[in-house]
Amino acid sequence: MPQLGLLPKRAWAALFSQLLRPPPSACTQAVRGHSQGTRDFSPQQMVVREKILDVVVSCFKRHGAQGLDTPAFELKEMLTENYGENSGLIYDLKDQGGELLSLRYDLTVPFARYLAMNKLKKMKRYHVGKVWRRESPAIVQGRYREFCQCDFDIAGQFDPMIPDAECLKIICEILSGLQLGNFLIKVNDRRIIDGVFAVCGVPESKFRVICSSIDKLDKMPWTDVRHEMVTKKGLAPEVADRIGDYVQCHGGVSLVEQLFQDPRLSQNKQALEGLRDLKLLFEYLTLFGITDKISFDLSLARGLDYYTGVIYEAVLLQTPAQAEEEPLNVGSVAAGGRYDELVAMFDPKGHKVPCVGLSIGVERIFYIVEQRMKALGEKIRATETQVFVATPQKNFLQERLKLIAELWDAGIKAEMPYKNNPKLLSQLHYCENTGIPLVVIIGEQELKEGVVKIRSVASRGEVAVKREDLVTEIQKRLSES
């Protein structure tokens, strides 16, 4: 920037005329909105979100997870190597202080970095935090550039498929607890996918890019996916057709048994390892009583590069909308899988820590719950206030302050008007509009008799209690409601 003394006279004149120009009037000034693909949450929306998060986090804690948080940004080089074709969606930050940084794309890679950095070989953790993706937002489907993820992961060397089965059980518990309607968890294994590619004749160098095409089968018909693989990714048509014979299959443990007998796939070591693990997984899922929610689906590929074994994705079969209404299309509401080699990428000595985890799609779930509440016309209380301290007369601010302090000190959620002389009617209207159940009223008569009145907002009935018994009486009423 030029020094002040070096500006030419003409530039100074232009600068001062701009500074002295009156600001635009309020009517011509446009209020600037937030960035596309982000959103504000109203107090009512925050109530709904917190209830959803409470169900999710309570389940994670029930399964023994510890909380963890990591920075919103990481070193760019640590992120770009792990997301394959999705690396272009990472938000890069301008170089500040000599480090190239990027906003985190998910919570999995930062977790792997944390394990390696702290030399941890075992951990069961949950993490709730925001992530950022530079994609075209589809807001109607609950899809944003900035959104919240809820992750649960089990890191450590354990006997096969026990942690994986628990992750699937957790998804079932959360989706059932949120009462979102019927759902299905699709399960597959990266080793089976790679085995299919190998026996069908896909060059190993194309495994990951073909995998990302297969992953679109939930959104595109097979003909479109085949077209993409052949014309855009250079796969031979006959190879694509052989892949099509496999990826359009889905079923239960019987499909696993069927693939063991497949003349081509049974010759592939990787595929056999994946099939053996899936057979064991189905045994554990049977013991957990959730096999009716699970489908072995060979079209499931999960586009991220770091998955190494079992992968899964939960989709809603029917939303809580009425049967005659158009179902809401929101895609998957939970997903995850096994990633046994990711931690080693951050460890200088390349030590492996096997990991498996899941992520709950909070934004999509919130969208569904919000639409359902709108359809049912449900009213939401934005505050949890239990008692409102009111007065019908002037100059009672000091008495109200003493009263409300007692309520707060007793752990009771209470409010009062920030006016010295409020009108009683407006105070009672406020309580009715915001859903506050009880009003404590103090005035000249009450002060003289050493009592306070407790008013039920719903019934409008009032009862006088001794001043010293107020907290006990309020606690009794709240416990009964």
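Every residue, even glycine, has its Cβ placed from backbone N, Cα and C.
Those TrEMBL annotations? Automatic predictions, nothing curated.
Per TrEMBL, these features apply:
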type	residues	note
DOMAIN	36-392	domain 'Aminoacyl-transfer RNA synthetases class-II family profile'
BINDING	Asp106, Leu107, Thr108, Arg133, Gln149, Asp153, Arg302, Tyr306, Tyr307	L-histidine binding site
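Sequence features annotated in TrEMBL and their locations in the structure.
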| residue | record | contacts (Cβ under 8 Å, 6+ apart) |
| --- | --- | --- |
| Asp106 | L-histidine binding site | Val131, Gln149, Asp151, Leu304, Ser359 |
| Thr108 | L-histidine binding site | Asp151, Asp153, Tyr306, Tyr339, Leu342, Gly357, Ser359 |
| Arg302 | L-histidine binding site | Asn188, Arg190, Asp215, Ile311, Glu313, Ala335, Gly337 |
| Tyr307 | L-histidine binding site | Arg190, Gly337, Arg338, Tyr339 |
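Averaged across the domain 'Aminoacyl-transfer RNA synthetases class-II family profile' (36-392), the predicted model reaches a pLDDT of 89. Residues listed for L-histidine, Asp106, Leu107, Thr108, Arg133, Gln149, Asp153, Arg302, Tyr306, Tyr307, cover a largest CA to CA span of 21 Å.
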